Structures are given as C-alpha cells and as structure tokens.
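Noted in TrEMBL for the protein shown:
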type	residues	note
DOMAIN	A:54-232	domain 'tRNA(Ile)-lysidine/2-thiocytidine synthase N-terminal'
BINDING	A:Gly57, A:Ala58, A:Ser59, A:Asp63, A:Ile89, A:Gly167, A:Asp172	ATP binding site
DOMAIN	A:283-312	domain 'Cytoplasmic tRNA 2-thiolation protein 1 C-terminal'
REGION	A:342-364	region 'Disordered'
Amino acid sequence: MPPKLCALCNTSRPILKRPKTGQQICKSCFFLVFETEVHNTITESQLFQSGDRVAIGASGGKDSTVLAHIMKTLNDRYNYGLDLFLLSIDEGITGYRDDSLETVKQNQKEYNLPLKILSYSELYGWTMDDIVAQVGRKNNCTFCGVFRRQALDRGAAMLGVDHIVTGHNADDVAETVLMNIMRGDIARLGRCTAICTQGEDTIKRSKPFKYTYEKEIVMYAYFKKLTYFSTECIYSPDAYRGHARTFLKDLEAARPSAIIDIIHSGEAFEIRDEVKRGQKLQQTCKRCGYMSSNDLCKACTLLEGLERGMANAGITDKGVKQLNAAGPTPDNLRTIPFFQMNTVGNSGPSPSPNPWPLDSGPSG
Amino acid sequence: MSCENPTTDPDALMNRRPKFDKAKTCIKCKIAEGNIVIRHAVYCKDCFFPLLKTKFKRSLEPFVNRLPNGPRKKALNPSGNLLIGFSGGLGSTVLLDLVHKSYFSHRKPRESGGEVEAVPEQQETGAGDRYRDPRQERVWKKAAVCYVEVAGAFPGMKDRTEDIQRIVESYDDFEFVPLKIEDAFNGEWWESVDQCPSSSLLNFDISNEELPFFQSDSTRLTPLERLHTYLSRLPSPTAIPSTIRTLTRLLLLYTAHSTSSSHLLLGTSLTSLSISLIASVAMGGGFGVSEEVQEEWIPPRSGIEGRKEVGVRVVRPLRDVVNKECATWAWWNGLTVVGQETVPGFKQTIGGLTKDFIIGLERDYPSTVSAIARTCGKLTPKDEAGGQCVMCQRPAQRGMEIWKQRISVRSLADLEEAPSGIPIGTQENQPSLSPYLCYACHATMTSKSSRANPSSTNGPKLPTSTSDSKTVSNLVPLPVWVTARLFGPADKVQAEDPSREGSGDALRDGEVWRNVELGREEMRTAVKDFLLDQDE
C-alpha cells in the first residue's frame, strides 16, 4: 500500500489531521491554509484599512501569541499597511501574569512592535491581589472581567490606535453562543458572533481568529515553535463558562464541525425586533465617560464599592441599594480617569498628547 | 454571575435555592398540604391537575384557530382534523391523555359530517354557533394518532407497535395510524398519503461534499434495505438519530396532510424542547431554531391536478411543562408509559450529549431549561429564507456553500483566487443535492466524525447494508419526498455561480430528467472516483 499523501499538495507526507476539515495534510500546507483562512476572514470582513493603527491584545497565552505572529506575518505578506502595537493588561496577580508578560516582552523584541503594559493598579488604584484580599474569592471574576475590558479600551486610547484585535478563537465564540442561550443573555447573544464590534464611544474591536479552531492555534504554535504560557488564573476559573466549555469539548469530540456549526447557527439568527426595542439604550458613564447602560458604568460602581468597603455594590441589586442607602458618594473618592477616544488620523498628529509612555521592554 | 473555583467552593457555581419555598402548604389553595414541588413552588394533588391542564391549554388554544394568537375567549374552530404524534414516551403519553380529557371525552361529536371544510374567520362566532355550546362539542371532528416504529433501523430493537396500539385503542375516539420508519423510502406509502408516485428513484454520492445525484436502478431493494443503506453511509454517529428524527417528522407531517389535519400535536415537554433547541444549534440549525418551537408546514406541490394544499400547524402543547410534571401526571392518573428504546450509541452523539447535559443542569438548576426555551423564543432568522430544504422541508438559508468555502480552505485551487462563490467540488453538468439543502441537513450528510465511521463501536449500532455485502458503494438512496421534489419544481436555496445559471434553471424548471438521463457507463465515469469498488 503506497504511503498516504497530503490531501492538499498531494506530494508530501501528511503530519496532521485538521480538526476543522478532517483532512490529513503536511506541515507547509497547514501553515499556508491556516494563514490564508485568517487572511480571508480579515479581507472578507474588511477589518482594516491601510494606515490603521492596530493594537494586538497580548496576554502571553497561546491565542494572542499566535495572533501577534500572524498579524505581523500577514501585514508583511499582503501589505495591509498597518501600524501594529502590542497592548497588555497587568491585572496584578502575583505569580500569574509575571511569566506571560515576559512572553509578551519577548514578542515585542522578536517582531519589533511597540508594547504598552497597562496595570489595574495604574488605572484603578487596585491590583487583583488587593481586590481578592477585600472581596474574597467569591465574585472576584466580575471585577477582573469588567476592569479588563475597560483597561483594554483605555490602553488603546492611550496608544491612539483605531482598532484592537483579540485572540478570541472559534471555540470561544461557540462557547459564548451556548452560554448566552443557557443564561438568557439576549443582548450578548445578539452580538457575540459579530467579528467586529464598535459602539459610538468605543474603539473598534475584532476577532481575526473567529473561525480558527483552538486546536489548530495550538498546532500552529507547536510547529512554529512559538513559546507561550498556559497558566490558569490562580483565583478563579470562570465556572459558568467552564460548564459550557466542557460541553462544547464533548460536542467537538462527537463531531468536530460542531464548533463551526454553532457559529453558523449564531450568525443565522438575531433577536426579534420587539425584544430589541425593550433593551436598555447605551449611554456614557456620568463619572468616567465610558460606555454604560446606566448612569454609572459597571467599573465605576465596582470601584466605588471597593473604595467604600462595600464590595457587593456592583454585583447584586441588594448591594446597589445598600450603597445608595449608605449616603452620597464622598467627594474625595478615587475614580477612574475620564475616558476619551484618542483617535489618530492617518497623517495628522494625535489630537491630545499621550501621557502614557510605551513600555520599552526588557531591552530598555 | 458567580465565578468561583468549584473545586474549592462547592457553592461557587450558583446558589442552590431551598427546595421548599417557605412552608409545606400548597401555594394555590393555601389549605392542603403540598404533594409536589415544581420549580420551588409547592402544590397539592388537587391543585396540580388544573395547573397542568391550564399550562397545556395555554400553549395550544391560541393556535387552534386559523389566525394564531387570537382572543382567548373566541370559540375554537380548527380548519381541519387533528393528528397526534405518539412515540410511546412520557411526553406523548401525557399529551394523548390531556387531549382526550380536554377535548374528546364527555363531548359530543361535532355537527356536520363529511369533508372537513375551512371555516372562514368571520363565521367562527357567527349566528350558527348561537344555539350550540362549543364547550359541549369536540373541537376537532376527527382525531388520529400516528406512531412511527423505528425498530427496523436497528437490529435487536423490539417492535412496539402492538403495545402502542393497545394504548391508543384504550381511548375510544382516536384512529390509530401505524407507520414504519422505512416508509420514508416506500413508494407505496408515498402514494397512500395522496402524493404523486415517482416512476424512478434517485441515488446520491455521499462521499462528495457536493452530493451529486443520479437516477437509480435499485428498485429491487426493499424500503428497509434502502433505509439501511442510507443510515450505514452517514458520516457520523450524530447523523443517525438526527436523520431518524427528520424522517419521523416528515412521515408525521405527510400523514397529517393526508388525514386533512390542520394540527399536528407533539408531546415535546419543556425539557425535551430545550434539549432539541441546543442540539439544533450545535448541529448548525440556528436558522430554523424558531421552527423547533412552532412551525407551519406547507407541503410542496404534490403534482396532483386541482389539489388544494393546506398547511399543517405543528404545536407542542407541553412546551411549558417540565418532565417532572409529566411524570407526576402519568403517575397520579395511572397511565401506562410504553417508553422509548434508546438508540444504541446515542450517548456519544450530539443529541445524546446535549440530553445528558441539559438533564444534569435541570436537576440542579431547574430554571435553566426554561431560560433556554425563553431565549430561543426571542430569536428569528436573520435573513429571508432562500427556499425550502428538500430533506427536512424547513426554510433554508442562502449562501451556505460560499460561507463554508470562505472559512476553510479545502483545496489548494481555492488559494489561487479569492473565494468566488463557486460551490466546493462542483462537477460540470452533474446535478447535485447540495444546493437544495439547508446547512444542518448538509452537515448531517457530510460532516465526518473524528472516529472512523458511524458503525464503529461508539456509534449507534446499525445493520450491515444489505444492498451488497461485498460492495461498499457511496451511492445512497433518497427518501421519497426528496426524489419527488428533485423531479418536481424544487427551489435551489444556495447562491449559484452565474456561469452555471443554465444548469440551475434546468433543475428549477423541473427538467432534471434531461441532465440525469445517463447511461450506465456515463454514470460510472462520473462517480468512479468516489466508488470504493467497481461492482455497482
């Protein structure tokens, strides 16, 4: 029996079976199709325009490490004409971020990309270690998630970029679709399959790996010998998401196309108009200017709760009532700096001076 | 949302509510001691029965009259008869009992016999109704119960038709319509449901993603052998129960149509509805997710001259009732539940995994199942349907092939130019099934398992195809309604390449014959790459 050949080039020996298509292919064909599919996603969705300043949300994990590599590769290969930056958020969890931030700094050197590391303590005056010390292990994910989202936008505004790309992959998107159906989160269900989200007051955010399987990202990193850290957060794996993730992995094992089939499902439906009309309108936070559904954004509410020693204030309705009952907000309360979109034209100077210097990394 | 580490904190996932709200007294009558807890509320036995009956009627009666969601007080005047889909499972056993108790027992047969005629909306509360009390009359003139036996598909599975028949005959007012799953491949059954017979059969090549189809000479095969061939060639274990489900659904719909039924009732409980919604999403059926809750099926043209096609409304009156309530109703009423045999290997399919997952969630967090159903009830398809899928006959979305080609490069030829909209693996002049399918049915027929084949140890156990034990052909027969549609005026749902417009029109105009009239040699040449053995 002749040896089996790569299903694509038909000349080399296959070394892997693609989780996405089931085809057995060789290493060079895998690199080619992996990169081309991301390129197709970018061009079909018209994510970028030449001259765009794009920040890569870099955590040092596998997704963002491969994303940084791919963005650099495709930008050079197809002349996207993008100014790329690396943007990292330091949550301030001892022993969790330190190593992965080193990976990001290594990427900075390797790809010669400017890096900005923004820390929770710099922005909010609290590290996650401090927060956990006050609120305990319960609910601390709420703080971290809300703070990280804002921090990325704020870091991007500081860099004066037009666009943030994140390493969310197909598994993440599929899992979010399932999770939002199961917990009845209509608003998020409506937007979680969009490749690019942009509100009036937020920086464009997109997911070039939307159709890329997590397993293939790992394979790519493995064959390209990219280093990354896969540290689990020491405080709290997201338990609810954990349920959905375990279920999704089971579905994928039963039929690998399940991931892409769920995304297809998520793209095929939308929220009925009459339901949409009942949803809260987006506004801006009266205290910090960030997008919000209420007068105060979630981050400001959480921060006020922390500052006033009422950590539940931003988490439960009861907590909000207790906070309101405790009297007006003190004048000297620590607040988050006012958010301003800091867009930079392709040719013009930054409309406001950037007070936040770029990190120079270990090389200085 | 709570997000703690469940390994260190057992209460991290969600706060477990107390099983009993505040007291042990029934929250309805506030007198009797409670007998059952339903989603944290306590009810006594006497209050439970009207409670369930109300939930059942609330989900059914707004959809009885031709215009759905009419005023609740309006007299019930369906435009046709009633068909109840009965599987022998808990839900359909309870449904049968509720329908009988609510609308048939102690009620007089409806006036005027003969053909069922549509009642115009304005006559529904007209002068004719003034002298009769609609509450004393049956709502539907006739009711039938249809059971589809699937035992033929799986070796060793017990045929339970007789048990089912005994149950149905214990109710005086229902006609029993027994079917077999292989009827989906049976021309005689097709004629018996008043459809135009096809003089020939079609086979399709399941090994090619484009699914090209050919005229078949395999009339020598029995319907059961055709079913076995079909199931044994499916590419994943998941595809088998999902296909059985689709075939059963279509058998019921055509039976409803042939019995002039305006309504087909299914015993889907809230629990099973949530399972099918999530499973449907996981199998790519997001476009039709609202159809899982409520659907209006209009059959494609039957081809019989002068026949007026009337739609069938599929209603799931137990969609607000959880399994526990069904089980309690059955227990307190002494109902016999025949039960359904599980398809072997079902646990490792998407349907089986979803069922285990949702039932596990329901046990600890009873509100999850209703959250799923409520959320899906708020969804609607994003685009207009491009046509009706020839397999499941649900609305199908356009552009499936282009989408698939864009997100996954399957050949180096695709790299030479940007995705152009030419479907994958197109064969010149060879009509194919793919453009007539919805995304979910296409995935069922083409999406491979990570394991070798569905007949492997993990998948549902199937009989070996009897068409030819030595030849493993990739040619698979099509269900009768698919053949009928492809010979007739089927609409393509997938976007076409303009350069192939001619061949598309030929198919659309019902001129498939001109393209499929191939000699044996030509057929062999066209599919030789896909045949594992040259025997066929």
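Every residue, even glycine, has its Cβ placed from backbone N, Cα and C.
Around A:Gly167 (ATP binding site), a 10 Å sphere centred on its CB holds 24 further CB atoms from the protein chains shown. When secondary structure is read from DSSP and collapsed to three states, A:Gly167 (ATP binding site) falls in the coil class. Here ATP is bound by A:Gly57, A:Ala58, A:Ser59, A:Asp63, A:Ile89, A:Gly167, A:Asp172 per the record. The longest Cα to Cα distance in that group is 20 Å. All protein chains shown were included, and the count of other CB atoms within 10 Å of the CB of A:Gly57 (ATP binding site) stands at 22. By neighbour count, meaning other C-beta atoms within 10 Å, the densest spot among the binding-site residues A:Asp63, A:Asp172 is A:Asp63. Counting other Cβ atoms within 10 Å of each Cβ, the binding-site residues A:Ala58, A:Ile89 show the lowest value at A:Ile89. For A:Ser59 (ATP binding site), applying a Cβ distance below 8 Å and a minimum sequence separation of six or more within one chain yields A:Ser88, A:Ile89, A:Ser100, A:Val104, A:Gly167. DSSP assigns A:Ile89 (ATP binding site) to a strand.
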